[in-house]
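> Please read through the structure below; I'll follow up with questions.
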Amino acid sequence: MAESVPIPEPPGYPLIGNLGEFTSNPLSDLNRLADTYGPIFRLRLGAKAPIFVSSNSLINEVCDEKRFKKTLKSVLSQVREGVHDGLFTAFEDEPNWGKAHRILVPAFGPLSIRGMFPEMHDIATQLCMKFARHGPRTPIDTSDNFTRLALDTLALCAMDFRFYSYYKEELHPFIEAMGDFLTESGNRNRRPPFAPNFLYRAANEKFYGDIALMKSVADEVVAARKASPSDRKDLLAAMLNGVDPQTGEKLSDENITNQLITFLIAGHETTSGTLSFAMYQLLKNPEAYSKVQKEVDEVVGRGPVLVEHLTKLPYISAVLRETLRLNSPITAFGLEAIDDTFLGGKYLVKKGEIVTALLSRGHVDPVVYGNDADKFIPERMLDDEFARLNKEYPNCWKPFGNGKRACIGRPFAWQESLLAMVVLFQNFNFTMTDPNYALEIKQTLTIKPDHFYINATLRHGMTPTELEHVLAGNGATSSSTHNIKAAANLDAKAGSGKPMAIFYGSNSGTCEALANRLASDAPSHGFSATTVGPLDQAKQNLPEDRPVVIVTASYEGQPPSNAAHFIKWMEDLDGNDMEKVSYAVFACGHHDWVETFHRIPKLVDSTLEKRGGTRLVPMGSADAATSDMFSDFEAWEDIVLWPGLKEKYKISDEESGGQKGLLVEVSTPRKTSLRQDVEEALVVAEKTLTKSGPAKKHIEIQLPSAMTYKAGDYLAILPLNPKSTVARVFRRFSLAWDSFLKIQSEGPTTLPTNVAISAFDVFSAYVELSQPATKRNILALAEATEDKDTIQELERLAGDAYQAEISPKRVSVLDLLEKFPAVALPISSYLAMLPPMRVRQYSISSSPFADPSKLTLTYSLLDAPSLSGQGRHVGVATNFLSHLTAGDKLHVSVRASSEAFHLPSDAEKTPIICVAAGTGLAPLRGFIQERAAMLAAGRTLAPALLFFGCRNPEIDDLYAEEFERWEKMGAVDVRRAYSRATDKSEGCKYVQDRVYHDRADVFKVWDQGAKVFICGSREIGKAVEDVCVRLAIEKAQQNGRDVTEEMARAWFERSRNERFATDVFD
């Protein structure tokens, strides 16, 4: 007998064992445990001690039906309370399992499934018509709508029963009962065995009430069929009339009820989840999205979808397979050992012990899928490659379960999913309602995206009525109306001027704010912004009957998240596709990204012209490194854009109305107002990390229950303006502290309108008070006074003095109002000048491996004398954070960092080199904390070097004790550079000096395949890049090769995001 090795397991507590490992996100918890403890681990859950396997090699072993069989000892024992001996929850030796299996398998044969196509198409068209009639501005809850699709399709095709889900606002009560039943099944499975039953009296009553409701619906379906018999050959007919060829028996009425509930649950939950995840993945991956739409257009065209088309869609099939690999709605399945056996040749599993195959990790095994296993790449699932993977790595793709207990309805679900994908992408363009949406998971026994909303815009300029004819097979609408009608599809409420469309590409909100500013300015120049929206909304829908203005930025050379689909579509254009489009482009960027500065706006500008578009005015641009974005934009508006548009479209001075600003009423009733674009979190703890000098602080935050993150991600904070700054506004405009404002606006605004809202709320939460004044702002101040000296000085500041005295010193409108008391600016005009409050992103400085429900931030407090000479310059977000204490609440959202800025998936093989200074240490602390958790769980890791720069070990050596502890564990080797104590850091003053000093060690781990992470200010990023280039030259010389600096820098750029990942900030 082989020698047994203990199965790794986390430390537990008496009685409850490892129950404390679980939060409200059990899937995330299990993934974390697998990442921490490796491919096999055990949990102690009261009297249970299940084993979990997460690598392909071990999952392949437990899929051997000679050694393991399906278990009902897990959560399925609770599900069985509701469906008893239905196919999914029956024991294999129960007579009804074999009987039902033999009777029902023929009902899912190829010809039967093919015959269900017309009814599947019926329900799919109902979904399309709902999307079309709600219009492009209505957010669509994907999980809700695909749940309706899957439930109605299954009920109609399998049982000839209609739930009419698309004709009701609320979902059928069966859905809520089913969801609650499955959730409570999971909860019951995790109950401590010693907990008395009376604690769960209400939950138990609800549980059995839900079961009763589901049974009543199933009985209703059966009764309807019995009342109106038919010769349909569907699933229900097979249940009612089928005879088991082996026993000669029929299914009992009770078993039919159990089977119906089983199919209604399993048949729609998984399909709706798959389609929702597929939509998410495609919207996150524009290239794959484009290929799906191209395949639909080439195979199906504009006509009706036929069943014959579904076998000619290899790429969409690959998309569904890849979706099921990364986001399988069934995340795991349980088995039990038939006899004593060894896994991996060394881990003893005793007869009857439960082993759970964790697909959420097995499906991303880098041994099978490579180091990009976490990425959505449908090409790896095309037929030939899919077959190769499954041959070389058996059981590497198991979303439909295992062996004879695998999903019986797989052919049904596959045809339904293919059809839904085709009709949707044939007729609509989709965008995320929130382009920064980070995937949230809703988990019962299956998973699906939570709070995932999309917008659907009809393609080809169709109206809903025309779509209805197309879906009915009555012919496609003419494409000649494409862009003119598209403009109508996108129209907002139009004003009285010449219509124009404005689109933006924006991650941080700056370009969106500029676009809204442009829309507000339009009426005063004779135009009306009928459309203001993200660039993705303009995909295949660029208007031809009005000027189009595009405001966009680049992010490391890539398009903003809400412009990626537009850019991919635009790059695929041919010939003179844009010959009827008249456009103008404004570019935002930062010149420190030399290689990619303004890349995306330049690409838009040149490509539209190349494809026949008419450039209305020269492209405008702003460089955040040297000037103020808002000032540059307003200058382009006033000097270039509006004069050019007015000349092109013959707008007279009479048609140019006055500025449509804000109308503000002041009142004093007390009322609260909330902001809802982020979620509420709770401060757990905070502390100051430095002993003197510039303060660096640490804050620990309890996340909302559905929010998850990875080490290296960002936390977006919606701050409040400092009370001292808000007080200055109140003094300047003589507002009482309990004043309320009622704001009315004829143009787009992010301010709350038509309701009375606290003035304090408005100025603290909705607007930026410290944004530098623009030239237009300053000239508006000059118009609001009759004092000649004030006018003269303000006009000087708006002229040549602006670049020296306003922009670099960040002089705000409020600063100028205080400096020039003779300016009588109305509060409405002041509010109209202010940009909307934006979120600030901070690198998370912890790992979920430490505690998935909490995270930490590490930041520098900005509070210094103002460069303008008026008071102090107080950082909005850092001041906000610094005043929070335990128990305070704040609004946050997790934002994923670039894919490159995460730990390697093969931590055992790939070393890391981390370089940071000051609070740039934040994400790297998260990395090392994660490595420490892995080591504590018994994992073996590749080396890690951390180079860290600060001032003095006695003052600002951040987290020194933690890193000392982690060094002793072997999680990291720390090399420091003290700028004011070089005698304690090998004579090295700055972090780049220490990297060069220790170059022999750097070369050693680099040759082992190390990945380099750099985090800090732009100056640090540039200095470390320089030393890396220097090291590359020296390394080449050691190997006998001559490499110039230019060649070395080119190599560094090629390696960026592959072996070098940077995260720099201002």
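Just so you know, glycine gets a Cβ as well, placed from its N, Cα and C.
Not measured: the values here are computed from a predicted model.
According to Swiss-Prot, the record shows the following:
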{"type": "REGION", "residues": "1-480", "note": "region 'Cytochrome P450'"}
{"type": "BINDING", "residues": "CYS407", "note": "heme binding site"}
{"type": "REGION", "residues": "481-1066", "note": "region 'NADPH-P-450 reductase'"}
{"type": "DOMAIN", "residues": "500-641", "note": "domain 'Flavodoxin-like'"}
{"type": "BINDING", "residues": "SER506, ASN507, SER508, GLY509, THR510, CYS511, SER554, TYR555, GLU556, GLY557, CYS588, THR596", "note": "FMN binding site"}
{"type": "DOMAIN", "residues": "676-904", "note": "domain 'FAD-binding FR-type'"}
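Tell me about the surroundings of these features in the structure.
CYS407 (heme binding site) carries neither a helix nor a strand DSSP state and counts as coil. Counting only same-chain residues six or more apart in sequence, the Cβ atoms lying under 8 angstroms from the Cβ of CYS407 (heme binding site) belong to ALA266, THR270, PHE400, GLY401, ALA413.
In the shown protein chains, 23 other C-beta atoms lie within 10 A of the C-beta of SER554 (FMN binding site). According to DSSP, SER554 (FMN binding site) sits in a coil region rather than a helix or strand.
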> Pick out which of the binding-site residues SER506, SER508, THR510 has the most other Cβ atoms within 10 Å of its own Cβ.
SER506
> Based on DSSP, name the secondary structure state of THR510 (FMN binding site): helix, strand or coil.
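Assignment for THR510 (FMN binding site) reads helix.
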> Please list residues from the chain of GLU556 (FMN binding site) whose Cβ is under 8 angstroms from its Cβ, counting only those at least six apart in sequence.
TRP593, THR596, SER898, ASN1057
> Check the DSSP secondary structure of CYS588 (FMN binding site), expressed as helix, strand or coil.
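The residue in question, CYS588 (FMN binding site), is strand (DSSP, three-state).
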> Can you count the other CB atoms that lie within 10 A of the CB of CYS588 (FMN binding site)?
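There are 27 of them.
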> Consider each pair of residues in SER506, ASN507, SER508, GLY509, THR510, CYS511, SER554, TYR555, GLU556, GLY557, CYS588, THR596, all listed by the record as binding FMN, and report the largest Cα separation in Å as a whole number.
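Site span for FMN, by Cα atoms: 20 Å.
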> Mind tallying the domain 'Flavodoxin-like' (500-641) by DSSP state, helix then strand then coil?
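Going by DSSP assignments, the domain 'Flavodoxin-like' (500-641) contains 56 helix, 36 strand, 50 coil.
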